[in-house]
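Trainee: Straight from TrEMBL, here's the annotation block:
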DOMAIN    105-395  domain 'Sugar phosphate transporter'
TRANSMEM  105-124  transmembrane segment
TRANSMEM  136-155  transmembrane segment
TRANSMEM  167-186  transmembrane segment
TRANSMEM  207-233  transmembrane segment
TRANSMEM  245-261  transmembrane segment
TRANSMEM  282-303  transmembrane segment
TRANSMEM  379-397  transmembrane segment
């Protein structure tokens with residue numbers, strides 16, 4: 001016990017000895033510990049009892065090297081690294097904000113081009129169809145121009161050339177058929193009634209989407225979705241009753257366009273076309289355009305004949321240059337607005353795209369009424385507004401999916 005007391009007594013503070021200055025950050029107790037290490041080690045080597053065990057433990061603790069002092073230079077480097085990390089984080093945040101702003105501006109520009117191309121397509125197309133009542137020829141020209149544009153993009157490498165098998169082409173064929181019919185019926189309607197009325201009728205697309213999805217896919221809509229269809233149907237009916245340019249051929253052509261376009265959407269889900277990496281939405285649309293041209297060209301030749309030629313136009317007393325120029329511009333705008341539509345769909349959700357499509361229809365109706373000075377009664381305007389409001393409500397309610405029932 002005396003040995004143990006002596007061992008522990010060696011580490012008591014020594015007030016009479018001045019502390020040894022070992023440099024910045026040193027403690028006044030360090031000289032005493034350094035002085036006690038060899039004594040504790042000696043006691044541990046000469047004793048065998050419990051005191052020796054305690055002394056050896058103390059010796060091991062005392063023999064541990066002290067932590068190195070932190071120099072001012074090292075502390076300064078630490079602060080510099082901290083400032084540098086903060087600056088890097090600030091730069092990353094600024095770059096992220098700039099990138100988000102750039103993406104927003106790019107998306108806004110795409111929406112503007114989508115609306116602009118659609119407006120000019122409807123204006124040029126209507127101008128041509130008013131003096132040249134051959135919708136199959138006009139639609140064939142539009143698919144022909146789209147085919148040339150698609151081939152040009154593939155050859156030049158602007159768009160990656162798709163790798164597609166015969167089985168995939170066979171699966172895409174039904175989509176091309178209904179796509180061809182949908183655009184043909186739209187042109188037939190535009191040739192018979194006002195642009196605003198055609199687009200008012202085409203606002204009933206959600207009605208046919210719900211109907212065909214329920215019949216062929218078994219997708220039953222919610223009660224709220226069904227209720228949102230009521231103002232669509234009622235608004236179109238109200239606008240039709242008061243439409244000055246009402247024509248049954250134009251009305252049923254627009255309705256057939258709704259059925260065929262929504263059949264295309266249902267078929268794309270039903271067939272589940274397996275796309276390879278290079279077959280994105282734009283490539284798929286380009287392939288459908290090429291197939292539509294080869295499908296419709298023989299029909300145009302057998303039904304209307306090849307009418308859009310300088311000889312036929314001149315014999316009909318038309319301005320050949322004006323008709324051909326407007327037909328070409330309408331075809332370019334037709335292909336461009338659908339390409340931009342697919343580009344937007346790749347960047348936003350289907351619901352956002354649907355809302356944008358609803359706004360686009362409003363813009364097209366208003367601009368066509370102003371450009372062609374279409375007579376519109378207050379009741380007709382009210383019916384159109386109700387139908388478009390129903391379309392907007394439908395697009396919002398589509399986000400509310402019913403919760404799956406617990407087993």
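Our numbering is plain: 1 for the first residue shown, then up by one each step along the chain.
Placed from the backbone N, Cα and C atoms, the Cβ positions cover glycine too.
Nobody curates TrEMBL annotations by hand; they come from automatic prediction.
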Trainee: To the transmembrane segment (207-233), which of 167-186, 282-303, 379-397 is linked by the most Cβ pairs under 8 Å?
Mentor: 379-397
Trainee: Of the listed stretches 136-155, 245-261, 379-397, which one has the most C-beta pairs under 8 A with the transmembrane segment (282-303)?
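Mentor: By the under-8 Å Cβ criterion, the transmembrane segment (282-303) pairs most with 136-155.
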Trainee: Looking only at residues six or more beyond either end of the transmembrane segment (136-155), which have a C-beta under 8 A from one in the stretch?
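Mentor: Distant Cβ neighbours of the transmembrane segment (136-155) are 125, 128-129, 161-162, 180, 183-184, 187, 286-287, 289-290, 292-293, 296-297, 299-300, 303-304, 306-308, 327-328, 330-332, 334-335.
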Trainee: Compute the average pLDDT of the predicted model within the domain 'Sugar phosphate transporter' (105-395).
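Mentor: The average pLDDT of the model in the domain 'Sugar phosphate transporter' (105-395) works out to 89.
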Trainee: Short question: which residues 6 or more past the ends of the transmembrane segment (167-186) have a Cβ under 8 Å from it?
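Mentor: Hits for the transmembrane segment (167-186): 135-136, 139, 142-143, 198, 202, 253-254, 256-257, 260-261, 263-264, 267-268, 271, 273-275, 279, 284, 287-288, 291-292, 295-296, 334.
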